[in-house]
Amino acid sequence: MSSSKIIVPEVSTRGISRRSLLIGAGAAALVLASGSMAFAQDPLKIGFVYVGPIGDHGYSYSHDQARQAVEKEFGDRVKVTFVENVKEGPDSERVIRQLASEGNELIFATSFGFMQPTIRVARQFPKAKFEHATGYMKAPNVGIYNGRFHEGRAVHGTVAGHMSKSGVIGYVASFPIPEVIMGINAFTLAAQKVNPDIKVKVIWLNTWYDPGKEADAAKALIDGGADVIVQHVDSPAAMQVAESRGAYAFGQASDMSRFAPNAHLSAIVYDWGPYYIERVNKVLDGTWEPEDKWWGLKEGLIQISPYNDKVPEDVQQAADAVKNGIIDGSLHPFTGPIKDQKGVERVPAGETISDADLLKIDWLVEGVQS
Amino acid sequence: MPLRIDRRPDSTAIRVAAPLLAVLLTVGTGFLLFMALGLNPADTLYQFLIAPLLTFYSLTELGVKAAPLALIACGLAVGFRANVWNIGAEGQLTIGAIAAGGVALAFWNEIGWWILPLMLLASILGGMAWASIPAFLKTRFGVNEILTSLMLTYIALLILQMLVFGPWKDPDGFNFPQTRLFSDAALLPVLQEGSRLHPGAIVAVLVALVAWFVMARTVIGFQIGIVGDAPRAARYAGFDARRTTWLAFLVGGGAAGLAGAFEVAGPIGQLVPTLTPGYGFTAIIVAFLGRLNPLGIVAAALLMALTYIGGENAQIVSGLPQAATGVFQGMLLFYLLAADGLLRLRIRRVPATNGKAVTP
């Protein structure tokens, strides 16, 4: 050990003080500015917690794109930190807590498994503001937000109903939670409007991100007769299987066409940017309140990526009609009559499912095999 | 002249030198890695290895993270010393957590000092019961316990999922796969207000001390060691290998099950589909990093916890990519094991006998 020292200045953020410390350095003598000094005119510190790696090209990637949009929009007025691949459970509580104790005043916890940890940390850091995605628990400093992913599914279901020759569609799904069930149902109902005999086979993976499992599920579904693959998991693995097996597929969360130029018919693109920018603006001008936002096609949070040239013009028009109907409110993806898997009528003709009921839906529609 | 690898005589100097060398090499390589990533290397190393040791809260978090690892690894080490390869601690932990959670839910919203002890007892019995399946198959039919214990892990995880997606799902939880939050009587107290450090950390240290004493100072510990090192000698001495197998599985399963109860009654507070980031598997690494010595295991568990918490810290404060934190962790483990091996073994030239190489 040489006698050179690294001096880390005393840093104090939100009551957590790190004692100044001298440690010997191997070779270089460096004076470090440890970067988290808190002054009055400091930029707003914002933290993002992702459940997957930012390179998943799916869900976490879409949040990270929005994180970059926030940085671009606000420049020096914000300082953004993100932590990727955070396991849902006890580890996430520590990560969220640490973001708060590092002085992040607005924290986006982007996965449903971060719900209890977010609520617990929020209680300990009443001045910080939290936004939790896809959950249901609010608090005085915790707002919640979600996307109407199922609206995009209805558009894609319309495409799939036209494009499937075998009449069997394979659905690679994550967890049987309302968000995913809603998507399967909306997709199936839309496809059945085109072809009443369509069957949707679902494989549950119980994970959001596991390329190996996702690929295996896609293979099994194609072996079982599916010629179109839909996914509610985050990697492009299923899409790549579809490409190599000559099936069609729909991308999840971001445009995945570069992974499967032939198979990729379209993707549901999540654009969280406008929502995040709105929330940051509200924190900056002091008007932030905990809210419960559920944005969809209309608000642009859900977008439909360009169709593959393989989708015929009339099919594109039929799908766009569904999209425009949802946007202008003339079409509700869940309009009765709707029967469940047992054939019991759940929604009478002409009626729709309310948002409150959708958010706790636990039944699949007729024609879904899982 | 042929070469030969053999053991260096054991010395305190080498025991001390091996980990020090490993840390130095890790710091050196980490410095280069972080520099190549365009970060301030000294600051990143500081955030990784030192900063988590400087605040009281992160020290308590070190305990929260290390406690289950140490507890499970101590149980496993008993078996590994006897050459009983229980790879299924994750499954035993899961069944233990289910047993504890079952008690918590059965007495939900009830008050009673006995609920928590009952949960802990249930978790130990649950973990033991799950571990006794591979023990039975091994002693009765000679089935390889590595396979059975590992495969039972996946079954245990599916049982957990079946419960939280099905009958044990929180009725007010919007159909999310999780149970109700346990009521207060089913939650562990925290040792320090504002932290998550629970009595499980103390139990882990106590278990390590007891395990050390049993392994080092009692006839049972001696038998376990002999069965592992010299099974034939053990047989001649009349030590029962079957009983040792059973003992190893029950101890390993019980400890893992208990760790499961501490997790769900402590930091988690309910049953969810994924209870741990693989503590049952990480504990295998911890057991060997601690050289199967319970006291070494406690140190290894703390080190392992430090690399996890430091990795999160380096991501948050220094902007280190998550993949690089994994590389750094792996590097530390690699250097530790390599330094250990290289310092404890030596390569010697030995004179050839009758022109034939002596095989070690």
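Backbone N, Cα and C define each Cβ position, glycine as well.
Caution: TrEMBL annotation is automatic and unverified by curators.
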Feature transmembrane segment in TrEMBL, mapped to one of the ranges B:91-108, B:289-306: B:91-108
Leading contact stretch, B:12-36, B:91-108, B:245-262 vs the transmembrane segment (B:323-343) - CB distance under 8 Å: B:12-36
Whether the transmembrane segment (B:91-108) meets the transmembrane segment (B:245-262): three or more C-beta pairs under 8 angstroms: yes
Per Cβ pairs under 8 Å, the stretch of B:12-36, B:149-168, B:201-224 packing most closely against the transmembrane segment (B:114-137): B:149-168
